[in-house]
């Protein structure tokens, strides 16, 4: 297929404009974070930070409770993801490998649960947590986040378990493994990329969660980073440099994880790890 | 951002399909005892997941229903009183004009966002399929950055981009000749606030649609296009007769997913302007939160939540029916 010069140029030109449009807000966040305040509040925007400063990061990191909040966010996110991975692994194995009555119904249940409107259920959750005297605690956050990501974890893992050829498991069993041993020694190692990809999305959900922590934890010592970040700008009175530095710190782990882990997880699948 | 099943699925799908061993349905070839139909093992394996879902998802749902029939204001809250008041909350909500305004607003807001996301997302996806390798990777990088950006971080950045003073958007509009925008307050009116929220949501949602649509186009067999061009089909004709029919199930399912996600969008709207100015950008989830928690009318808030959940349930069941029809043989 021959295309005219115009026909070859416009897709590339459009793509370039789109790239700038999509990447600019992310770029602007980092750029602002590194610019001295004089360059941030200037009549004409300084497009590229020439005069790099780390002052805003220092300010964000030294904000009250910053490290407590980091610790809270990490604790809650990692525990929630691990908890849901363990629970999901059992369920995913059953749904992918075993045949039983009601299997289809279970899958539909998890699909439905995956769409659960948590944002709208916060009042009821608040009442339940309060009645159990668990407000201002990380425990309810952790377990609710675990259940929030559980359905997706199960459904995704089911696909990865199903992708491991049955023959591998069977030959292990012919060699004298029990079904459990076959699972632990054969399937589990092959699931590594799947576990990574799955935990990535769980990680993002839990790390970002906002409405629930907003209503449950009023004590700053028990809050998480999204809540802190949403109030940062107000608390620091339009200090955009510090606000963008705080945003960058919050976004960076996710951006890195997303860009590297997703590609790795997907290519792990295609590169023959599961082609047996 | 919470449910990206399609994202992970489609990306790994071709490999998964190839690797999957065609096992006869229903009967297992393995004589292993635990694979037998009717054993207790599968149910035991599912038990933890079911219990967790039942307790932490089912219970709040039931609780929400119960709260919506109670008179629950600060006094009852503090003294732990349970005062049933029948359908009073529903009556109050459904007969007031506020609720219907919010419903109307939510529907228009959702429709506008979903149309923009689907149309633009599809166009970007088709563009990805047309680009050369280098340009495609560049655009993909931009899309992934927008997709991966944590919602609250993105919201904060948009506040800065659209800041009244020193915001880069106002500067650009001013330089482009629209001088009245030089010190424009984007968060001062309903329409402008919604514009920023829409831009934010559309910007973050297009990558999901575009990347998955692009992945789906790569699975369309080349021969179909060859056959179409042999039959004398032009670019448009081969799009409508090959590409579109192939993508239709994907587009339907994605549209429903986006409807569900946009309808219940909370952090973007709340963190940007808390439903302001003057409650004018409150959609149903925000309205339930502001009424229930902000104004401490927990019973009324629960009633609004319950009505919202009902709406979502209807949309979700349509979505599920469609997905189940598509995956009939996979389940």
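Using N, Cα and C of the backbone, Cβ positions are placed for all residues, glycine too.
Feature annotation from TrEMBL assigns domain 'ABC transmembrane type-1' to A:70-261.
Feature annotation from TrEMBL assigns transmembrane segment to A:12-30 (among others). Listed by sequence, the residues of this chain that lie at least six past the ends of the transmembrane segment (A:12-30) yet keep a Cβ under 8 A from its Cβ atoms are 244, 247-248, 251, 255.
Summarising the annotation, TrEMBL assigns transmembrane segment to A:74-95 (among others).
Look at TrEMBL and you will find A:107-129 (among others) tagged as transmembrane segment.
If you look up TrEMBL, you'll see A:141-161 (among others) marked as transmembrane segment.
Annotated transmembrane segment per TrEMBL: A:182-207 (among others), in sequence order. Among residues of the same chain six or more beyond the transmembrane segment (A:182-207), those with a C-beta under 8 A of the stretch's C-beta atoms are 73, 76-77, 80-81, 84-85, 88, 93, 145, 148-149, 152-153, 156-157, 159-161, 163-164, 168-169, 172-173, 225-226, 253-254, 257-258, 261-262, 264-266, 268-269, 273-274.
For A:240-261 (among others), the entry in TrEMBL reads transmembrane segment. Remote same-chain residues near the transmembrane segment (A:240-261) are listed as 26, 28-30, 32-33, 35-37, 40-41, 55-57, 59-61, 63, 196-197, 200, 203-204, 207-208, 225-226, 228-229, 232-233 (criterion: CB distance under 8 Å, separation of at least six residues from the stretch ends).
Here the transmembrane segment (A:107-129) has Cβ contacts under 8 Å with residues 91, 95, 135, 140, 144, 148, 150-152, 154-155, 158, 211-212, 214-216 of the same chain, all six or more residues outside its ends.
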